[in-house]
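> Pulled the feature table from TrEMBL, pasting it below:
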| type | residues | note |
| --- | --- | --- |
| BINDING | ALA226, ALA227, ALA228, GLY229, SER230, GLY231, LYS232, THR233 | ATP binding site |
| DOMAIN | 205-669 | domain 'UvrD-like helicase ATP-binding' |
Amino acid sequence: MQVQPSFWARMFGHDWVATPDGPRLRVSWPTMGWHILAGAALRERTIDRAWPWSVVAVPAEAYTALGGLNRETRRALDDVIGQVIAEADRLERLSATFIADGHQVQQWREGVLRDLDTLRNRWIPRELAARWLADRPDLASPVFDQVRSEPELAGFLATQPASLLQAIHTWEHTDIPIWVAERNQEFLAVERVHMKNFFDTIEKSPLTEEQISSVAMCDNSVRVIAAAGSGKTSTMVARAGYTLARGIAEPGQILMLAFNKAAADELHQRVVERLHTHRLDGEQIKATTFHSFGLEVIGQATGRKPRVPGDLVDLNGAKRMERVVDRLRDRDETFRRTWDLFRLVFGQPLSDFGVPGRPEDHDKITGIRGYRTLNDEVVKSQEERLIANWLFYHGVRYEYERPYEVGTATARHGQYHPDFYYPDIDAYHEHWAIDRDGNPPPTFEGYREGMRWKRQMHQAHGTTLLETTSASVRDGSGFDYLATQLRARGLVIDDSYHEIQHIPGREPVEDASIIRLFRTVLAHAKSNQLSSVDLRQRAASATGRIPIRTELFLQLYRAIHQEWQRQLAAANQVDFDDMLKQASEIIEAGRWANPYTMVLVDELQDSSCARAWLVRALTAGPDRHLLGVGDDWQAINRFAGADLSVMTDFATWFGQGPTVHLSRTFRSPQSLCDVAGEFVAKNPAQLEKQVSSVQREDPPTLQAIAVNTGDEYPAALEDYLTGLSQQHAGDAKPASVFVLGRYRHTLERVADLCDRSRPHLTVSADTIHKSKGKEADYVVVLDLISGAAYSFPSTIEDDPLLRLAQPGADRFPDAEERRLFYVALTRARKAVLLLTTKFRESTFLMELFNDKKVTIHNRDGETDDPIPCPDCRVNPVVLKSGSNGDFYGCVTWPACNGKYQTWEIEQQRESTSP
């Protein structure tokens, strides 16, 4: 839009044209050329309203007067000048914002550069990257692109410092997480070369690439998943030395936490020895157990170091729990009755509704496969056993499945046998397998019709029928109903009948097993900081009504917990869980000056939640670093309160950070690694990993021998040891043999053989739990059997009550036992021998056999492979005698009813014979 005076004004000498040009006004005269007026000058304009025309004067470098303006042209010129000034103001604001925002960005970048200068030879930790992100200026409407797109501001940009422009470029184009990840990888590549001598010599053998990564990644939290025999101790020692060599921390700022004293002592000895070779001070590095450390924190913070009783150290408190229970039983009649009721009647958990249980017994007279009661009859279901045991406990006479007093056999129905009959009151009792909505399991076809028919029978013949349901028995209301009905008909329900002198039927759950259950729940509840009220709330959260078994357990637990705490307080003592909790609270509250900036945790998979809270408290502050080393495949200490989630949910506990796999093992040969790894990895809840070995193969690395009876174990072991002794006769160093048992008593029958001095061999024996962290050339696993009180895997299943205190417990079948077997297999540097009993082969051994991982021989070296059950496929069949002659039935019968006829077995053997 151009502005110029009117025709008459031009005739009188006011001949000019004003044209807006962005932040400027271009004015031209026919005889005088043109002139540029900037927005700043236009703001200072004056107006002379003379007659007949006004004049606008602009004081610029050269005074400019625009005359000949009538009212219309003056208004038009004002509009144009306004546009020019607005544009000039806009560009000025852009420039000012550019400078202000750029200054913020520049300050941020300078801070990042200062941090990088400090970390020139170090890994960038998560907290620093997070701080960069948090400090990064959050500019609501960044003007940088806008300024660059304005041609009018090209000159302005050209005058800006390069540091400012570089800062803006960094702010705009750098993705901090990606850049940090790339920079850290570049750092690792350079560090491997720069510190090669250290990495090659800090341990007796050069560190692997994976170990170097674990050592140099000094992030705030690093999880190292270390396969068996992959050098986790070397990694921890090297991390301590690297921390000192790189000046990341002083010796007194490094803390190494171990699961037990032996491991802590080994760590300290190795640190001192190996760091000395690099003239580094390992003496001042603290290597200790969680428990010793927690006691030290409390002592320093309060001036009084608490005392942990010795029985909690030696036997994990089992003996103390036994004394607590005995005291309560002696002094509290209510507790004693509840304890006996729980142990005798409710000690065994029920399968979930609708899930068939595994029959445990068989009545040869009735042909019933099911569950033996305290009164020595076999009933068909777990719930019927519960009812029968409740009746027996309370002194109620009953008959199981006595024929109904009226003949009912027809073409459609056989003779009716009600579940229970009470002869003293002439009453029948049916227990219906229905839930609280009245529905039977989906697989129970025709069940409702059967219920109606049975009720009609009683109605038609005027007989008394009492009724309970699965739902009512499980929640306890069924027993209240039953007691009321029986009392109303004249029966005495004797609550004091717990003084049972003789139990003719199945032995009830042992006191020791119940005590172990309470000790384990107590350990996990304390570790998870769950009170008795918390456990009750958890129990009620699922259905709103607490099952009777859980209710009885919680009543006992509350009393046990109170007495446990009372005894500790009376002796001025604490248990480990309370002590760790107190130490954590002291650290979190800042009541103890935490000197440790580098915390290294061994056997992370065995950490309880209480230990994890302590570690989190130690590493929660700024500039602190955690290295947690472990292997979830070797998590075998849940009985002591260990919680696998500390390892598997590492980031939830300690924050996001890198995970490094130590997948290269220096111990077992590859074939053994593959067998053990595939076996344990069948549990999908565990972390996936691949293990590669540098150990040479010397077949056979895995073999199994089946003896006829357990009494032949010593002879089979002697044969094996004799053969090894001859095999290593020419060796300069004796070969080592580790004899392992699932249970300590298993080792007693071979103790003399293990203690005997042998040429060319050193033999030792221990439980698999105790073997953790150890190794030998050869491993022998004893008593790999099923179908016994002490089987491997253990038949003492995890009680569902454990979920009250450990809701995330692993539900994969035999999960911890499977890991225990993995630990046994991976103790060997050369080979493993599995010893079993013929026809009682362990389900684990049968699994390996079915997967074609092992063949089974007898003592003479002849192949003696078992024949898997056609139904369960995890147990062998054994020759049995029946009413129709011999047959081969599952060794776990009556739990599994799989069988072969003898001619089928003969055909199988003929087809597989050479």
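Using N, Cα and C of the backbone, Cβ positions are placed for all residues, glycine too.
Remember, TrEMBL labels are computer predictions, not curated facts.
These numbers come from a predicted model, not from an experiment.
For each listed feature, how buried is it and what is near it?
Listed in sequence order, GLU203, LEU207, THR208, GLN211, LEU662, PHE666 are the same-chain residues at least 6 apart in sequence whose CB falls under 8 Å from the CB of GLY231 (ATP binding site).
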> For the recorded ATP site formed by ALA226, ALA227, ALA228, GLY229, SER230, GLY231, LYS232, THR233, which further same-chain residues have Cβ atoms within 8 Å of the site's Cβ center?
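Checked against the 8 Å cutoff, the neighbours are THR235, ASP631, LEU662, THR665, PHE666, ARG667.
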> Can you tell which of the binding-site residues (ALA228, LYS232, THR233) has the fewest other C-beta atoms within 10 angstroms of its C-beta?
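Result for the binding-site residues ALA228, LYS232, THR233: minimum number of other Cβ atoms within 10 Å at THR233.
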> Restricting to the domain 'UvrD-like helicase ATP-binding' (205-669), report the mean pLDDT as a whole number.
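Across the domain 'UvrD-like helicase ATP-binding' (205-669), the average pLDDT comes out at 93.
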